[in-house]
Amino acid sequence: MAALRMGKLTTMPTGLIYASISVHVAKEEESKKQLVKPEQLPIYTAPPLQSKYVEEQPGHLQMGFASIRTTTSRYIGWCKGVYVFVKNGIMDTVQFGKDAYVYLKNPPRDFLPKIGVITVSGLAGFISARKGSRFKRIAYPLGLATLGATVCYPVQSVIIAKVAGKKAYATSQQMYEAVKSLWTKNNKKLPEHKEKTKLGSADETETPAETTHNLKHSVPLPAELSSETKTKSTSGATQFMPDPKLMDHGQSHPEDIDMYSTRS
């Protein structure tokens, strides 16, 4: 028993000493890791991480709602346009009715005679085109009624004619531009290489015809003229003297030409 007690007493202090030494060593290692010299600090900052934004892909439900919205937006816009058109038409007709009621409630003195002239002219046109075609039945009454209206209301008819003429001119210009654009597009679609081949073939066909024509009408030169031309050409070749400044004399000088031998 005494031996066991002595063993325990001897082992306990050694264990405590070893634990204290290990703890002290660990603390020293941590302090060494944390401490950094100024020379060891980094000069540049760490580069940022390369991040890329990725958009979230729409799901099936979102795609379904988007397709429904795109398909219904067309019909909604069409219905809205029809509603606005009908609303404006109703408002205009109501306003026209109110103005006509106010005007007819207190009409001017020459209103009834003018209306009578217009109605009589329309009836005259209807009666005159009674036995004619359908076009005459429509055109004659309208034409005579408009003629009576222009006679009774000249200022208003002139204004209406000017406005109608401007609108007709604008529409005719638009139609002309549309037809012109279509015509230019159709002309541009024609292949250009066909035109080039046609031109090349025409030139090829024209050149041999011209050469054959010239050969047929060519006349041979007399012998004297041919000999004269030959002598002229040879004499011109012999009489040609090159410029001494441009000649390569080597180490000699052109002034000392008399001192050189001409033996071959």
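Cβ coordinates are placed from backbone N, Cα and C, and glycine is handled just like the others.
Annotated in Swiss-Prot:
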COMPBIAS  189-198  compositional bias 'Basic and acidic residues'
COMPBIAS  223-238  compositional bias 'Low complexity'
COMPBIAS  245-256  compositional bias 'Basic and acidic residues'
REGION    189-264  region 'Disordered'
TOPO_DOM  28-110  topological domain 'Mitochondrial intermembrane'
TOPO_DOM  130-137  topological domain 'Mitochondrial matrix'
TOPO_DOM  156-264  topological domain 'Mitochondrial intermembrane'
TRANSIT   1-27  transit peptide
TRANSMEM  111-129  transmembrane segment
TRANSMEM  138-155  transmembrane segment
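For the topological domain 'Mitochondrial matrix' (130-137), the DSSP counts in helix, strand and coil order read 4 helix, 0 strand, 4 coil. When DSSP labels each residue, the topological domain 'Mitochondrial intermembrane' (28-110) comes out as 56 helix, 0 strand, 27 coil, counted as helix, strand and coil in that order.
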